[in-house]
C-alpha cells in the first residue's frame, strides 16, 4: 500500500523517501532487531572503551594504537550513521526519511567506509615497518606522519564521495520513492531515478574499483614484504612472534573486506538470489567491523586487555 501511494507522486525532487527495511522479511523485523540492537550496543561500548583505554594508558601512545583509535572512531561513526535509523524502521515502522537526510546518510556511510579501508592500509604499513624495520620504527612513523596519514585518508574519502549526493540531487524522481533497503545505499537510491543514470553508475563502479584495488594491493604488497622478512628469520619462535604481531590486523582485514566483496558479487551477479539475502549481507558488512574490531584487538593486545581489566576492577570496588 505504501509503495502504491508513493508511486503516484509526480514530484521530481521528493520531500521524503521511504525505507522498506528488509524486503520479504517485514513480519520478522522485531525479531531481526534483537541481534542488530545487540550489535549496536557492543559496537558503542567496545569502541568507546577502546578509545578511553588508549587515551588514558601512556604505554599505548604509539603509532599502532593511534591507527587503532582512528579505526575505532570510524567504526563508531559508521554505527551511528546507519543503526539508529535502521532500528527505528524495525521497532517503530519509522520508514520515512527526508530526501536531504537520505543523501547525507549515504554520504557519511560511504565516506567512513572508505576511511576505514584507508586506515587498514595504514595499519598494514605500520606492521610492515614494525617487522621489517623495527630499529627505525619510531623515526619512520613519527606523530606528524601518523596525523598526516589520517588527514589524507579523510580528505580522500570526502573528495571521492562529495560528487555522489550532488549527482543524485540533479536526478528526477518521478516514480516510486521507496528505497528497497534498510538505509540509503547509493545504488538503491539511483534505481529510483526516472532518467538515464549512466554517469552515477559508472562513477560508483570507478570509485569502488579504485578504492578496493588501490587499498587491497597496498595491503597485499605490505604483507608480501612482511612474509619475506619473516621467512628469513632464523628460529621458529622469531617467525611466530613476528607473525603474531600481525594476527589482529589480518582479522580486521578479513572482517572488513570479506562481507564487502561477497555483497558486491551478490549484487552484480546474483540476480537469482532473493533481495533479502543481498540486504542482509550488506548489513553484515556494516555490522561486523564495528563489533569485531574492539573484541579482536581487546583479546589479542595484552596492554589493552590488562588496562580494561584494571578499569573495570576499579569501578567495581
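Cβ atoms here come from the backbone N, Cα and C positions, even for glycine.
If you look up TrEMBL, you'll see 31-53 (among others) marked as transmembrane segment.
Annotation source TrEMBL lists domain 'G-protein coupled receptors family 1 profile' at 46-297.
As annotated by TrEMBL, transmembrane segment applies to 65-84 (among others).
If you look up TrEMBL, you'll see 96-125 (among others) marked as transmembrane segment.
Taken from TrEMBL, the feature transmembrane segment applies to 137-162 (among others).
The transmembrane segment annotation in TrEMBL covers 202-224 (among others).
Residues of the same chain lying 6 or more positions beyond the ends of the transmembrane segment (245-266) and with a Cβ under 8 Å from any Cβ of it are 71, 113, 116-117, 120, 123-124, 127, 130-131, 208, 212, 216, 219, 223, 226, 273, 277-278, 281-282, 284-285, 288-289, 292-293, 296-297, 300-301. Taken from TrEMBL, the feature transmembrane segment covers 245-266 (among others).
Here the transmembrane segment (278-299) has Cβ contacts under 8 Å with residues 22-23, 36, 39, 42-43, 46-47, 49-50, 68, 71-72, 75-76, 78-79, 82, 86, 109, 116, 180-182, 185, 248, 251-252, 255-256, 259-260, 262-263, 266-267, 270, 305, 308 of the same chain, all six or more residues outside its ends. According to TrEMBL, the transmembrane segment annotation covers 278-299 (among others).
Under 8 Å from some Cβ of the transmembrane segment (65-84) lie the Cβ atoms of residues 36, 39-40, 43-44, 47-48, 50-51, 54-55, 105, 108-109, 112-113, 115-116, 119-120, 122-123, 126, 143, 146, 149-150, 153, 182-183, 252, 286, 289-290, 293-294, 297, all in the same chain and six or more residues away from its ends.
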